[in-house]
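Colleague: Have a look at the structure that comes next, please.
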């Protein structure tokens with residue numbers, strides 16, 4: 001009872017803090033206030049430790065790693081987003097993820113704590129097939145890979161938005177120059193060039209970090225799929241069964257393998273590879289969320305305890 005109450009308290013504290021962090025981040029987009037930025041970062045750190053405490057508490061009183069159903073996996077995914085958020089902060093890197101990870105964490109946790117998954121808030125006894133040492137290895141690797149791949153994909157989507165906006169601005173500016181070619185203002189040209197250079201630098205950094213994060217996520221996804229295959233062989237006598245979850249995991253792996261391949265070709269870097277990563281964003285959600293709710297197979301559990 002004490003552990004359940006503690007888990008309930010930590011859930012609401014983390015959700016409340018992160019709800020305050022998001023509008024704070026939005027304000028920092030308009031006003032560069034150092035104190036405000038620092039407060040929002042500390043808020044995310046507090047959220048990370050609250051979710052960590054929540055998961056540890058659930059682990060203690062349930063007797064198994066909290067990765068057995070949709071609610072627990074969503075909370076772990078929210079924890080993963082928070083982890084990705086705070087790593088650049090401690091390494092003193094410019095945090096390109098802050099505007100992505102904070103909303104991702106609150107949306108994930110918000111759905112997990114909503115009334116739709118009320119039945120899953122109480123921990124259930126694991127079915128025999130899940131009582132394996134591979135549970136933590138396989139599921140944690142898959143969820144960490146989803147978090148990394150989603151963040152990398154969102155960076156690529158941001159890159160595409162900036163790139164296409166720049167092309168529209170250039171097209172509009174070109175038309176303006178053709179109309180007023182005899183009254184061209186040199187100051188406007190300098191400002192226009194500076195903005196383009198700044199956008200170019202930003203897109204380069206976004207491309208670099210999306211590649212790094214997706215590369216990490218792809219590695220974790222590969223480990224997760226391989227460990228799942230070994231576990232499947234122990235539980236069901238077959239490494240691969242082509243059920244919906246396995247099929248979509250393979251599709252996800254293939255899409256991001258194509259992305260990494262395009263990044264090796266300089267002519268396809270930037271917007272071209274970002275388009276592939278953007279497609280991967282949708283594929284991940286189908287693999288993780290859609291199959292769980294709508295699919296049939298060995299991994300399909302929807303709003304109930306995982307049945308294998």
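Backbone N, Cα and C define each Cβ position, glycine as well.
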Colleague: Scan 43-63, 106-126 against Swiss-Prot and say which stretch is down as transmembrane segment.
Modeller: 43-63
Colleague: Which sequence positions outside the transmembrane segment (43-63), separated from its termini by at least 6 residues, show Cβ-Cβ distances below 8 Å to it?
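Modeller: Here the qualifying positions are 3-4, 6-7, 10-11, 13-14, 17-18, 20-21, 24, 72, 75-76, 78-79, 82-83, 85-86, 89, 98, 101-102, 105, 109, 123.
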Colleague: Quick one: find which recorded stretch in 213-233, 246-260, 274-294 has the most Cβ pairs under 8 Å with the transmembrane segment (142-162).
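Modeller: Between the stretches 213-233, 246-260, 274-294, 213-233 has the largest tally.
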Colleague: Restricting to the same chain and to residues at least six past its boundaries, which positions have a Cβ under 8 Å from a Cβ of the transmembrane segment (246-260)?
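Modeller: Answer is 142, 149, 211, 214-215, 217-218, 221-222, 225, 228, 240, 273, 276-277, 279-280, 283-284, 286-287, 290-291, 295, 297-299.
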